[in-house]
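This report refers to the structure that appears directly beneath it.
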């Protein structure tokens, strides 16, 4: 990957559209943002390569819990405690119960209008000859269920496993994934998770212990995912960010090597340490800021705001649900 890779691509974006309710945009930035559907439609018409990045917010309206913060715990844990290699090594039974519960929730969930709007946008882009790439931080598979294709799943998938021994990756939608997990994983049940290792999901090839094929805290993205993300952002001139505030995640690792040619949405940074480093970089290139950068912010539920902003009506959404 080129040294500036993902970072350079991201900073050359001319437009960022950000639907969110996760943070407050500072007053001076708010003045620079537009909620005009007409203006956004004009920008979309001129875009040649459209990239959509989605996060937990788009699936929350389908009833998918985030397991973060107060009220979002599974038993006495949040995801940062269970979604780690160390937690799996220490108690694979507990981690598999957690993921069995997540698979159960997702298996009973349906895509919402936000997912269908993204699928409709992909179809529209292809019809108009525009490049379209969908990147998602979600592991639920609801975009594919809504009709989106070639989805880049940044954090992996609940519906795939990887062998801890031979590293084989396989799709697995069995519910339960193994007999020992049947009836396990209830969020309000506090008991010792002690399913014997040999009764947990095992590899069909070598009988090694399986783990969910998801990216856990402390792990790097897979090499192929990084390559596809870099390819997606190369030449992208319209980035739509839906249901997440973590767009910086796409290019942070190379950020300090990049010559900034456009403004950066500082409010997307949640980490004070990162914010201070980016702030310094922005000030050093202040002559470039806010010159050719148009931003849009449509705040509210993505299932409502996304179809409206994209001009996707009820008939088109209904058609997507039927296909």
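We count from 1, first residue shown onward.
Placed from the backbone N, Cα and C atoms, the Cβ positions cover glycine too.
Marked as transit peptide by Swiss-Prot: 1-33.
Taken from Swiss-Prot, the feature NAD(+) binding site covers 55-74, 137-140, 243-245, 302, and the record attributes it to sequence analysis. DSSP assigns residue 243 (NAD(+) binding site) to coil in the three-state reduction, placing it in neither a helix nor a strand.
Annotated substrate binding site per Swiss-Prot: 99, 102, in sequence order, evidence recorded as sequence analysis. Under the DSSP three-state reduction, residue 99 (substrate binding site) is assigned to helix. Cβ contacts within 10 Å of residue 99 (substrate binding site), excluding its own Cβ and spanning all protein chains shown: 23.
Other Cβ atoms within 10 Å of the Cβ of residue 155 (active site, proton acceptor), summed over all protein chains shown, number 19. Per Swiss-Prot, active site, proton acceptor is recorded for 155, and the stated evidence type is sequence analysis.
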Going by C-alpha positions, which of the recorded positions (99, 102, 155) is nearest residue 63 (NAD(+) binding site)?
-> 102
Between residue 67 (NAD(+) binding site) and residue 99 (substrate binding site), find the distance joining the two CA atoms and give it rounded to the nearest Å.
-> 12
How big is the Cα-to-Cα gap, in Å, between residue 55 (NAD(+) binding site) and residue 155 (active site, proton acceptor)?
-> 10
Tell me, by DSSP, whether residue 67 (NAD(+) binding site) is helix, strand or coil?
-> coil
Closest of the recorded positions to residue 99 (substrate binding site), Cα to Cα, picking from 59, 137, 155, 243?
-> 155
Tell me, if you would, which residue among 59, 137 (binding-site residues) has the fewest other CB atoms within 10 Å in the structure shown?
-> 137
